[in-house]
């Protein structure tokens, strides 16, 4: 029959442990028992009770006395009751049958009819049903058992993953579920020598210890959560192989999960059949049959056939499929057919009734995953019931195709030819949770929270509530009591959290973008060398720097080596040793990359496609500026530390010396940073604007972008304006797949005059722009916005007047030359394009300022962009919706006027984002009923969010950086000097 790939290892029975050969007829001996006493006791007690041994997930063994005629459910209930296992529906007992295959104990059948010699059989508790998100498990003990199942699967080679991922999982196991706890060099080495978790453990032992060191202070419950978060993302999570062959006799493995049936070749998944694509599962002798909807494979190819080793194995897999579908998809219990009087045909197997707790849990799962996995329509499988409609396509971006099933009656030929079968229909009572096609734009990542649109992306199921309010608050309270409260500690912690985000940003280039260009062979070798020879050393330097920061904060917090804690409540010495890593050839790298993308079509394609990936959550060239911008962050943080420390503090001198070094470097690079930020912004706009070439002309400076209403013959029309040092562009939003903006006209600044004209046109916040050949009338959304535009326009006009070479700035005079009247005549297409939605917009494009300004009717200046570079922040926050009760812990990154939300800091890309332009930030009001400290409130029209920081310092920092990006008054015009009260306080 051959070995089952990925099967459980064979556990030793007590008999084999004592040296006896395996035989169903040989009794087992427990320590302290003689053969005679065991035999007599066995005969005497058999009539009264049956003693069964169960091996737990925590490797302990227990004995249970049950009636010899007891059903499997009796033993299951005893095991769950003694273990105080509340969420028991996920678990089962498995044992090895005569063919040494692991099978599940059936609750509805007597134990003695399933197991030949129950007293000699080792049962073991195991996870039977693997939910898509084990983080939704309610009980901490259940999560613990699930993490132990992950440990067992790792040890037995089922949970196959990359070596680094395996090392990470083991590091969490060592932290949370061993006697070691926090990292200890000697104890770790001894423990890993005595306990084997991975087949290749020796190879990655050092990596396990390195990762374990990072988990200091992590509780066992937190370790369990991390293990499950990592495991659930693996392709082999919950997968159990069942060997088979296809019609061409190719060896494959079948597996079942909450989604449906999977086909593997080796350990590579080659196909998936969602439950919604199938209308019948059956087996006939050794043949396992899947009947699909006709629309899936056509009317003549609607049955898939797989050959398994035996009828028993075929039936075992069929039962598992029925149980999995029943557990995750079935709410009405199928009624068994009336038994035939003389004989029966096929299997009478029916899965057990679902408990009320399970019912509620499954509803929660379906509600949360129906958005993430539209293929998981809420169907049920009922024997021989009238079929209805089910979506067939599991892709989130596919059209909501509908497959129609055909009726299958009791008397049909099909029912007779497949006696052991399982049919598919819809469940009408589950319609509120059903998936109705692709994800709506409101639930896509990075969507805007606009009035009149769907709910905010922060309400996406990807960021659904995890854990109870009580548990979260208890954890936070415990954390506050355990950690230091000194302001210097929180300043140092800000360095660590922002450094973690900085490393992730570097990986966008060094890991992800490199992989993309190598895969397509899109970048010339010279440019590859220039780019990566400059940025790779920076990445390696900051990896070591982050490790040193992490270890210092661990000592400071007292998570380990508490006896030397007092010597490590400082950060200046670490900063002083690690100043000076920045991109040496940033000008050359940016310009050469831009030239190459214009010259090489393949590179341009890879570049644009990479920007659409979730991991590239900002415009790509923004990441190339991160090294030089990071130096500015160090300068600001060290300034805060030096201001906080008294001169006699032991950390003051190191911080002051480090500040001096970074200030010298920052001063040298300041002019380069301004020039590069301007170049980056121009190249970003070049990709977003249609109808203009060579936007990155030498000498051109970006000044302001934003939304204004332009007076036309059809009234006020929304337009996006872009002010540069030599011209003013105005555009409308296009209807292309990438939602680019179409240029309608350009006005040279030379000779331009700007005047307020509210009285003349009777339009609020209105002003007139007189250009050389054209006059236009525009209106801003507020008095403040109008003032900023007029100030910056006059400043730019003055700059253009002083410029020696004005002709080099002019664009093609033919652009928009047909429109030379004060009130512009616009085409119907242009007007319609003003009202397009975000439906076709690429994910990350919703976060760029050009699109946010368009939808929020606001503007952003280059001074705002420069300030945003300085005001970047990362860390954990508790988030609460206006009408929700619980708080959810999220990793939050603030950059580029936007909050990006992750479940944990280990995630590679954000699950949702919230652009802040137009939002107001402040303290909760009395009517909000928020009775917690360190809470701030974000609001834009009807969208309200509350965020809770861990300390007074972090609360003030989050308020400070968000104010700089959110409300209009918090941002600056070009003429407001940096450091003024307006900039800092937003007043």
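Glycine residues also receive a Cβ, built from the backbone N, Cα and C atoms like all the rest.
Feature coiled coil, per TrEMBL, maps to range 583-613 of the set 521-551, 552-582, 583-613.
Your range for region 'Disordered', going by TrEMBL and the list 793-816, 817-840, 841-864, 865-888, is 817-840. In TrEMBL, the annotation region 'Disordered' applies to 390-420, one of the ranges 328-358, 359-389, 390-420.
Among the stretches 50-332, 701-798, 870-967, the one making the largest number of Cβ pairs under 8 Å with the domain 'DH' (487-672) is 870-967. DSSP states for the domain 'PH' (870-967), grouped as helix (H, G, I), strand (E, B) and coil, give 18 helix, 41 strand, 39 coil. Mean per-residue pLDDT, taken over the domain 'PH' (870-967), amounts to 88.
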